[in-house]
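**Q** One structure, pasted below without further comment.
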């Protein structure tokens, strides 16, 4: 396999992170309620920064020379946004959202889905490259 061809894990992360990052700019009002109130700055600023980080991770993953760094950056990004998901669960869901996102159950069920994303990012960061 050529080092230029991404693995399935890499391709999945590029699509997930790229799509989520774009969504942070296209529909920031969806993400603003996820921002914990204890974070400095406005919710919109944090929404845009997290969207930019997700897009940056997708770009790093898409480029063969930066793929390993992209894996680590994606891993760090998933860790960084996890407190927002925990906050949404503790708050009993996102009350300003449409169903099913407004429920406490949905917020709690969302938490374990971060784990496979962390695992994929970890895997990409540790993928063997030809010639390494």
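The backbone N, Cα and C atoms fix where each Cβ goes, glycine too.
From a predicted model like this one, the values you see are computed outputs, not experimental measurements.
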**Q** Per TrEMBL, which of 18-40, 41-63 is transmembrane segment?
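**A** Per TrEMBL, the stretch marked transmembrane segment is 41-63.
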**Q** Would you kindly list the residues that approach the transmembrane segment (41-63) from elsewhere in its chain, counting only those six or more residues past its ends and only Cβ-Cβ distances under 8 Å?
**A** 6, 10, 13-15, 17-18, 20-25, 28, 31-35, 69-71, 73-74, 77, 80-81, 84, 124
**Q** Any residues 6+ beyond the ends of the transmembrane segment (105-122) with a Cβ under 8 Å from its own?
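**A** Residues packing against the transmembrane segment (105-122) from afar: 9, 12-13, 16, 71-72, 74-75, 78-79, 82, 85-86, 88-89, 91-94.
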